[in-house]
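As written in TrEMBL, here are the features:
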type	residues	note
DOMAIN	31-129	domain 'Pseudouridine synthase I TruA alpha/beta'
ACT_SITE	D77	active site, nucleophile
BINDING	Y136	substrate binding site
DOMAIN	169-276	domain 'Pseudouridine synthase I TruA alpha/beta'
Amino acid sequence: ETVGGGGSELPSAAAAKATVLPGFKWRLVLAYDGTHYKGWQYQAYPPTVQCIVEKALIRATKLQRQDLRLVGASRTDTGVHALGQVAHFVTPFNYDALDTIHSALNGLLPPDIRVREISPALPEFHARFSAKGKLYHYKIYNDAVMDPLHRHFAFHSTYKLNPAPMREAAKHFVGKHDFSAFVNASRNDRVSGPVKTISRFDVVEMGALLQIEVEGSSFLYRQVRNMVALLLQIGKEAIPPDIVPEIMATRDRKELAKYVLPAPPHGLCLVSVKYNEEHLRLPSDSPKISFGRHHTISKCKLPFY
């Protein structure tokens, strides 16, 4: 759905100096409800997920933003959610154990953002540039009446959708293609080649929910939402499945605009970011990965009567 991620660049002199300083790199796996955030990418106001995470890191580590150099794998857009966003930051000091800072970060973060995992990372690991693939889910609630428990996480379609032509159309997206017709004009520096590889595009029925699962090497700005929007029209049987390769062949966003607007952001979730195993290796003499700490009740020492 987006290209890249990360905070604002350091000045060149500071960046050069930072490369020679000893330091330790840490990998975060984050989940968040994006309803109230202006996406991931850093900006002070309106608040973004990166901004809120950085504030928690600053308090927990006593370091400044330019020292932490927090970078995210994906610049999720306004209102988009994440279950497996990946980010990294650096510190000049090592940790003996990660449970304490893990608990501290989640204690400082609002309840709609959570650090699911924190682990040591190799110096060469980069949350954005080491990524080899991403998995997104888009949820559609396909019933006459919307379930209010899904209202923030699924798009409500009152049209009865036919999943069969949607699956047929999805097959045309799989493979290596030029997706110029499915990218919105970017408002910032998200520049990337239009040729992308999609390895999987499934339409899964889960009762009233239709879950569209898209896995690929990377995605252009709003590409997933534009592809989903076209599938919605095909699911309504307003247009045939074979319109997908026809639109793709034009390489023209205006051609897609004749049929659809982008699907709303709240149905989209970044589920996971894929890396090669060598990028996920732990440095030697590093603390264990923290998946969070369970609280326990100490045993009562008084006898029971």
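Including glycine, each Cβ sits where the backbone N, Cα and C put it.
Those TrEMBL annotations? Automatic predictions, nothing curated.
Take the CB of the residue listed as 'active site, nucleophile' and look out to 10 A: across all protein chains shown you find 21 other CB atoms. Between the alpha carbons (Cα) of Y136 (substrate binding site) and D77 (active site, nucleophile) lies a span of roughly 13 Å. Taking all protein chains in view, 26 other C-beta atoms sit within 10 angstroms of the C-beta of Y136 (substrate binding site). Across the domain 'Pseudouridine synthase I TruA alpha/beta' (31-129), mean pLDDT in this model comes to 96.
Residue counts for the domain 'Pseudouridine synthase I TruA alpha/beta' (169-276) under DSSP, helix first, then strand, then coil, are 35 helix, 32 strand, 41 coil.
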